[in-house]
Structure formats: structure tokens, C-alpha cells
Amino acid sequence: MTAIVIVGAQWGDEGKGKVVDLYTESADLVVRYAGGPNAGHTLVVGGEKLIVRLIPSGILRSNARCVMAQGMVVDPGVLVSEIDAVEARGCSTQGRLFVSDRAHLILPFHPLVDSLREAAAADGVRLGTTKRGIGPCYEDKASRRGARLGDLRDMKRLAQLVSRSLEAWTPTLRALGGEPPSLDAILDELTPLAKRITPLLADTSQLIDGALRRGERVLLEGAQGTLLDIDHGTFPFVTSSSAIAGGACVGAGVGPTRIRRVLGLAKAYCTRVGEGPFPTELDGPLGERLRSVGGEYGSVTGRPRRTGWLDLPALRYAARVNGLDGIALTKLDVLTGMPELKVCVAYDTPSGRTREFPIDDIATAKPVLETVAEWSEPIDAARSMTELPAAARHYVEMVEKETGVPVDVVSVGADREATIVRRNAFA
């Protein structure tokens with residue numbers, strides 16, 4: 001019985017797709033437990049890129065079965081499009097993809113609410129959402145009026161639930177200048193999608209439990225990142241679900257005693273999409289260089305990501321709230337050739353200097369930066385720590401020392417093979 005959790009340790013976009021794909025070589029079951037189509041995972045295999053927003057990253061591994069658990073919110077149109085894209089790659093989803101009948105349904109007017117709210121919000125209040133309807137869907141869930149994927153089996157019941165949700169959102173839509181779609185139009189859109197999706201529905205908590213009882217290796221794949229967590233992130237500039245490791249138990253329907261290890265993913269620098277505080281942000285040529293070399297553009301929105309120096313207090317914070325016992329450090333190769341290299345080691349706050357991440361004062365806290373040695377030698381061919389330049393090796397060792405957590409994986413390039421694996425999470 002082995003279950004491991006892979007979670008983002010920053011503001012998302014840490015490279016979960018590649019690392020999850022790496023570990024699915026050893027996994028029997030890959031489970032996505034939170035979020036929705038706002039979280040795009042990019043897989044690069046043989047130089048070809050595939051972006052999945054809903055389906056777990058393990059779908060390209062023929063040995064792995066994939067689960068979309070009840071903590072997710074699902075846009076049925078996006079799901080069907082992804083299934084078609086995966087199948088077009090010659091990768092069958094038949095008997096390999098299972099979707100929780102308890103996951104909530106993103107309805108066609110949820111993205112409309114999201115977009116209109118963002119457009120109407122004033123500067124400083126705008127959250128910078130992906131406008132995919134995630135927040136409004138989770139609002140329906142919390143208000144106990146949402147429709148779930150299992151309701152696609154009964155169109156009469158679905159019509160009642162959609163009608164109730166539409167009635168609740170209509171005043172908001174009209175106040176924001178939008179026109180709500182008709183119930184008939186919504187049902188016409190959902191009916192053909194329901195025929196594609198209902199054969200995939202299952203009690204996924206029971207499915208996961210069965211796999212664990214049989215001694216199978218289960219990988220629980222997070223979405224977004226720790227600093228976007230609804231409770232532990234930089235509120236209110238956060239997502240609508242739990243993005244930390246503890247959310248895996250709730251979102252997947254497994255008890256905490258079933259989790260063996262927690263691996264946190266962190267870039268060798270920091271990025272953030274959308275609004276919100278970002279203390280180590282770089283606005284000039286260095287920030288643009290990180291964005292250009294690192295390909296830092298949102299896989300869902302295409303928006304340029306904000307870039308900045310590695311934030312060690314934030315990484316220590318993520319290690320604490322997730323209980324990390326391993327780190328996967330990604331995009332180390334992007335730092336190659338940087339004319340200068342700095343990291344944040346502490347913060348100056350009104351109450352003094354602290355090595356902790358000042359989550360409640362983050363908008364006004366000032367990062368304390370230290371210069372570290374840079375390197376110019378290409379590292380994408382390295383497959384062991386000894387093959388790295390001394391400065392790159394010391395950078396990895398610094399992360400271990402500052403967080404107290406071993407770096408198990410170092411990504412030195414975009415492709416699957418460009419990876420240094422020091423310890424397998426399933427070992």
C-alpha cells in the first residue's frame with residue numbers, strides 16, 4: 001500500500017506535469033484531486049507538447065489508470081476535448097480514465113460570471129482569475145445548489161439543478177451587464193456531452209481504496225500551488241480550493257494514514273500568474289530573460305507569467321504546511337547564463353527581520369536578497385549531480401540546507417529525459 005502526494009510549493013506552474021509524468025512510470029493509479037480547467041499541465045515527450053487541464057498527467061503512460069476525483073470541478077466540454085486530443089495521440093483512455101460522479105459541474109454561465117466580475121473589478125480588487133468559471137462553480141458547491149457529474153445520468157434532475165443555479169446567478173449576471181443563457185440552450189449543450197461522459201463515471205474513492213488494498217502504487221496529483229491555497233495562500237489572491245497536500249485526502253476521499261510521502265515541486269526561481277503580491281518579482285531585463293528562456297506563459301490563458309528570484313522563506317513555509325519530505329526542483333537550466341543570480345533569504349517587516357514567510361504582511365514586507373554564484377555551462381545533458389557545474393550543484397544544496405528537505409529530483413530541461421532522479425518517491 002503506497003500513496004504519495006505531489007503538490008506545488010509556490011504559486012503554481014512549477015512543472016507538475018513533467019514530474020508527475022516521470023513518476024507515473026512506477027504508478028498504477030494517478031489521481032487528480034482538486035481544481036479544474038484553470039490548471040494546465042504541460043507534458044513534453046519527444047519534443048512534442050500536450051497540455052491537459054483536467055485529465056491527470058499520467059494519461060500518456062499506458063501502464064497507468066487515471067482518476068478525476070470528487071474534489072475537482074469539471075467543464076464537460078473541456079473534458080471531452082481533452083479525451084479526443086489524447087486519443088488522437090494514439091493513447092487510449094478506454095478502461096483507463098475514471099471520473100467521480102461527485103465532482104461538480106462547471107455550467108456554461110459560470111465562466112460568464114467569472115469574466116464579467118473580472119471586467120467590473122477595480123484595480124487592487126481584481127483577482128486575475130483564468131475566467132474558466134472555477135470560483136462560481138465552487139460557490140454553487142458551497143451553497144449546496146450545484147450540479148454534479150452524476151446528475152448527467154438523469155437529465156430531468158439535471159434540468160432542475162441547472163434551473164436553480166441559473167435562477168440564483170441571473171441577478172448577478174444582469175447587474176454586471178450580461179445576459180443569462182436559456183435553460184433549454186444549456187441542456188442542448190450538455191446532452192451530447194453527457195453521453196460521452198457518463199460511461200466514465202465511478203465511485204472514485206472506492207476505486208482508490210481498492211487499489212491501495214491490493215498494494216498498488218497510487219499517485220495523488222495536486223493543482224495550482226501552496227501559495228494559492230484558499231486557506232494558506234496569499235488571500236484573497238488565491239484559488240477556490242485546497243491546493244496543499246492535506247487537500248488530497250478530502251479531494252480524493254482517502255484517509256491521511258494512507259499517505260506515505262509528500263513531494264513538493266518548486267521552480268529554481270519564482271513565477272506568478274495574475275494579480276497578488278509577489279515580493280521577489282523582477283520587472284526589468286532579468287525578469288524578461290527568465291520569462292523568455294523559461295517559456296513562462298500560462299498554459300491555459302497564454303498570459304505572460306510574472307517572474308522573480310527564488311523565495312526561500314516561502315519554500316520553507318510550503319515545506320511546513322505540506323509536511324514535505326522531498327522536493328523536486330524544476331527549471332534549473334533556465335538559470336544557466338544569468339548575468340547575476342539572487343535568492344530571497346529573509347524579510348524585513350514592521351516588527352523586524354524574519355526568516356519566516358510573512359503571509360499576513362506580504363504586501364508590505366521587503367525581501368532580503370543574497371547574491372549566489374551563477375554558471376554558464378549548459379546543464380541539460382546532466383543525469384547526475386556530479387555532472388552539474390559546481391555553482392549549479394551548490395544552488396541545489398542551498399535549497400536543501402535552507403528548507404531542511406532533501407531535493408529528490410532536479411529538472412534540467414523540458415523533455416522527460418532531462419531529469420536527475422536522486423530518490424524515487426515510491427522507493
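The count begins at 1 with the first shown residue.
Each Cβ is built from the backbone N, Cα and C atoms, and glycine gets one as well.
Record features (Swiss-Prot):
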ACT_SITE  Asp13  active site, proton acceptor
ACT_SITE  His41  active site, proton donor
BINDING   12-18, 40-42, Arg305, 331-333, 411-413  GTP binding site
BINDING   Asp13, Gly40  Mg(2+) binding site
BINDING   Asp13, Glu14, Gly15, Lys16, Asn38, Ala39, Gly40, His41, Thr130, Arg144, Gln224, Thr239, Arg303  IMP binding site
BINDING   Ser299, Val300, Thr301, Gly302, Arg303, Pro304, Arg305  substrate binding site
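Everything Swiss-Prot records as a feature, shown here on the structure.
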{"residue": "Gly15", "record": "GTP binding site", "contacts (Cβ under 8 Å, 6+ apart)": "Leu265, Lys267, Ala328, Thr330, Lys331, Ser411"}
{"residue": "Gly302", "record": "substrate binding site", "contacts (Cβ under 8 Å, 6+ apart)": "none"}
{"residue": "Arg303", "record": "IMP binding site", "contacts (Cβ under 8 Å, 6+ apart)": "Val273, Gly274, Tyr297"}
{"residue": "Pro304", "record": "substrate binding site", "contacts (Cβ under 8 Å, 6+ apart)": "Arg291, Glu296, Tyr297, Gly298"}
{"residue": "Arg305", "record": "substrate binding site", "contacts (Cβ under 8 Å, 6+ apart)": "Asp13, Thr271, Arg272, Val273, Arg291, Glu296, Tyr297, Gly298"}
{"residue": "Leu332", "record": "GTP binding site", "contacts (Cβ under 8 Å, 6+ apart)": "Ala268, Ile379, Ala392, Tyr395, Val396, Val410, Ser411, Val412"}
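Between the listed binding-site residues, namely Asn38, Thr130, Gln224, the fewest other CB atoms within 10 angstroms of a CB are found at Thr130. In this structure the C-alpha atoms belonging to Gly12 (GTP binding site) and Gly40 (Mg(2+) binding site) are separated by 10 Å. Take the CB of Asp13 (active site, proton acceptor) and look out to 10 A: across all protein chains shown you find 29 other CB atoms.
Asn38 (IMP binding site) sits 17 Å from Lys18 (GTP binding site), counting Cα to Cα. In this structure, the binding-site residues Gly12, Gly40 were compared by how many other Cβ atoms lie within 10 Å of their Cβ, and the smallest count belongs to Gly40. In space, Gly40 is the closest of the binding-site residues Lys18, Gly40, Thr42 to Thr130 (IMP binding site), judged by Cα positions. Following the DSSP three-state reduction, the secondary structure of Thr42 (GTP binding site) is strand.
When Cβ atoms from all protein chains are considered, those within 10 Å of Lys18 (GTP binding site) total 26, not counting its own. The closest partner of Gln224 (IMP binding site) among the binding-site residues, by CA position, is Gly40; the full candidate set was Lys18, Gly40, Thr42. A distance of 12 Å separates the Cα atom of Gly40 (Mg(2+) binding site) from that of Lys18 (GTP binding site). In this structure, the binding-site residues under consideration are Thr42, Val412, and the one with the smallest number of other Cβ atoms within 10 Å of its Cβ is Thr42.
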